[in-house]
Amino acid sequence: MVFTALDPLGVPLGTAQASFGTDGIRGRVGTLLTPAFILQVGYWCGQVLPDQGPVLIGMDSRSSGAMVASALTAGLTAAGREVWTLGLCPTPAVPGLIRKLGAAGGLMVSASHNPPEDNGIKVFGADGAKLSPAKQGLIEAGLRGEAIGDKGRPTITSCGPAYQRDELLSHYRDALLASVLHQRLDGVPIVLDLCWGAATACGAEVFAALGADLTVLHGEPDGSRINVGCGSTQLEPLRRAVIERGAIMGFAFDGDADRMLALDGQGRVVDGDHVLYLWGSDLQDQQALPQQRLVATVMSNLGFERAWQQRGGVLERTPVGDQHVYAAMVESNAALGGEQSGHILSAAHGLCGDGVLTALQLATLCHGRGLSLGEWLDQSFQAFPQKLVNVRVPDLERRMGWQHCEPLQEAVLAAEAAMGEDGRVLVRASGTEPLLRVMIEASDSAAVEFWTVQLADLAEQHLNRGCV
């Protein structure tokens, strides 16, 4: 979508390709995310969010965060809104504080797991949920210059105030501790990889408050190193530390701490599917899982689905994106849902992906059972072999329209026919990066390797050189 030069604030804009993707507006700082463009985003958010209450702004540790937050503040106050800036905080702190304080909404400045050069803007409504597609569309319409109730140029009497409210993060820390009923982790050896990101604001603090024997990696905010060789997308530093220090579990967060992946004491990965199975089994045992239902996405492993069905459970799948998981959970009154990548949503804890909260839940559930994470993982399911390949496809139109590439579509059908009920093919365009994701899953690992290579090569050949 192309946004052309606008002038509701007297600020000229160049053209920029942008829209709300699977997790807000995201792009390269200085290319898409210029101060002028960000100011306009803030202004139109101010037009769309409810009139009553302040608008909260949080951010991760990226070097560009202060610039983005300042430009958003300028746009929001120009729209007459009162702004409370929270400073460095995990993404889930924003919706949690929106609900606690009765705010009109909130914005989180983060590009999640993306590299330091990128940034992004996530927008939450007064209910603490990410904005609906309809409201996102209103903001996009404003950015295109289509009238949606513009209040006119700001004047000396129409501008809203802005306040720094870093102290509000203490409410979020308190909520994290309350989520595990202040259960203790005295002496439990745990490693945390805080990714130089938003988890540094409170991750180590809450685990230490419960008495854990902590080793902390990448534990200071560093906007030039966030997500670089660490965190939930690069688990090797955490794996080395867990094994070398004899920890029984480790947790790695992404840049804004709305998701996490865990490792057991042997360095085995405990992904979002395993978290859903283990936590869901605990809720099931307590008869606290309505309809025995879990909500996951199309990326979740087939081994997980079959094991959950053997427990008498129902697994509902959604498109990729935690907003889809959220919508399905609300509609079906589900207690737990999430993504394989580590976004976990709990109805009892605000229905927002929260990496630190999920890590606390896993740690205390294991400790309460007298088990290490590895011992609990052994009670989980056997995953089908699964491989995900990211094919770089910079051309947005070709990437989003990959289904129209006949050779690639024919190969997908051939793979599905060859693997039958014991395999799956998933090809999807990323909503946040210039990537086409190709995922193959099957009971036969050789088939996984073969078809992953075939489809990735075809995608690279045809989508980047013109589909023929």
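Glycine is no exception: its Cβ is also placed from the backbone N, Cα and C atoms.
The Cβ of S112 (active site, phosphoserine intermediate) lies under 8 Å from the Cβ of D23, R26, T91, G120, D254, G255, D256, D258, R259, T432, each on the same chain and at least six residues away in sequence. For S112, the entry in Swiss-Prot reads active site, phosphoserine intermediate.
Under the heading Mg(2+) binding site, Swiss-Prot lists S112, D254, D256, D258, citing sequence analysis as support. Following the DSSP three-state reduction, the secondary structure of D258 (Mg(2+) binding site) is coil.
The phosphoserine feature in Swiss-Prot is assigned to S112. Taken residue by residue with DSSP, S112 (active site, phosphoserine intermediate) is part of neither helix nor strand, so it is coil.
Packing around D254 (Mg(2+) binding site) is summarised by its Cβ count: 31 other Cβ atoms lie within 10 angstroms of its Cβ, all protein chains included. The Mg(2+) site, placed at the center of the C-beta atoms of S112, D254, D256, D258, has further neighbours from the same chain whose C-beta lies within 8 angstroms: D60, P90, T91, S110, H113, G197, A198, F253, G255, A257, R259, G353, G355. Other Cβ atoms within 10 Å of the Cβ of D258 (Mg(2+) binding site) number 34 in total over all chains. Cβ neighbours within 10 Å of D256 (Mg(2+) binding site), excluding its own Cβ and spanning all shown chains: 35.
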